[in-house]
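For 1-45, 85-117, the entry in TrEMBL reads region 'Disordered'. The compositional bias 'Basic residues' annotation in TrEMBL covers 85-97. Summarising the annotation, TrEMBL assigns transmembrane segment to 152-172, 184-204, 211-235, 241-262, 269-291, 297-316, 328-349.
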Amino acid sequence: MSCSPHTPLCSQLGKGHKESKKVMKTSSCYHDPKRGSADMAGGGDMEPPMASSSPYYYQQQAHTPVMTGQAIPAQAMPAEYYPSYHHHPAPYPHHHSPHQEMPNQSGSKPPAYPRGMEEFYDPEAAQAGEQGPSSFMDKTQGEIRLALLRKVYTILSLQLLVTVAVSCLFAFNRGISDFVLATPQLFTVALILSFACLIGLFCFKQKHPMNLILLGVFTLCQSFLVGLICTIYYRQGAGELVLQAFGITLAIFVGLTAYTLYSDKDFSFLGGFCFAGLIGLMVWGLISWLTGWRSTFWYSLFGALLFSALIVYDTWLLSKRFGPDEAITASIMLYLDVINLFLFILQLLGGNRRD
């Protein structure tokens, strides 16, 4: 089919041919060295052609004038016109999936999700520090500490019950008390065996059941020594002093323990004073034994005050420092504090009576 240049159809074809050449110069197939290789065909970051090169722009957006060289908005041209120019949709929010309709597209409400976590999480409690990792750790440590306290005071109660039972047996059974008083070697054996068990307990404190066996033997030896001393006082007609000393010791121990556990104060400073006091008490006793110098009242008063301070310090260690595997060590320390406090109070009361 031939046509003249003046034919309307041919003029339109010629015009389109000229425009297509202009488009080819600005399309993705044209490589400009000055602009780099980013505009090569297939480049994902290719910029769209300029407005002056697109015949579609004048056909669809003829009413909007655009300056030559200005980039065409993405919606101004159909996507099929640029095979290598991809328009990625906006990412879905984290609570939607691509298969769900967005609320602004369909007008529907977002799907209902389970509220299981909201039943356990309280924003106000979390802001106040009552929820979260730190509060969970605090609660866990508090439960462990409470279990340790129960275990230690259970063991301590059993030790004290055994000591009271042995003391009553020695004091009120005439045959046993006569045998014990007539055999002084038993006192020496019980004393040496107590030190041996004490050393073994600190060496095998985490070996079960060795630690329990050593604890039982140590408690029996200490009960024998305390029962022997109580029997001597009872035979001398001072049985009421034993009861008075027992009541005073129990009151001091309960009061100091409650004060230490509920005051939440730092009693670490007592460690150095208690250690120095123990050294001084041993030196004082050794000098009194070698020289025959008797100062029963002051010596007993110093010992009672020292072991009262040790009850506070050891209770603080139990509540703040000891771990869950140190229950036997803590019970032994508190048991020795109570026994020595009782003996010094008994000696203090007995010395005042003789005076």
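A Cβ is built for glycine as well, from the same backbone N, Cα and C atoms used for every other residue.
Taking pairs at least six residues apart, the transmembrane segment (328-349) and the transmembrane segment (184-204) share three or more Cβ pairs below 8 Å and count as touching. For the transmembrane segment (211-235), same-chain residues at least 6 beyond its ends with a Cβ under 8 Å from one of its own Cβ atoms are 155, 159, 162-163, 165-167, 169-171, 177, 180-181, 186-187, 190-191, 193-194, 197-198, 200-201, 204-205, 241-242, 328, 331-332, 335, 339, 342-343, 346, 350. Same-chain residues lying 6 or more positions outside the transmembrane segment (297-316) and placing a CB less than 8 Å from one of its CB atoms are 252-253, 256-257, 259-261, 266-268, 270-271, 273-274, 277-278, 281, 284-285, 288, 330, 333-334, 337-338, 340-341, 344-345, 347-348, 351-352, 355. Note on the transmembrane segment (269-291): residues 299, 302-303, 306, 309-310, 312-313, 316 of its chain, located 6 or more positions outside it, place their CB under 8 angstroms from a CB of the stretch.
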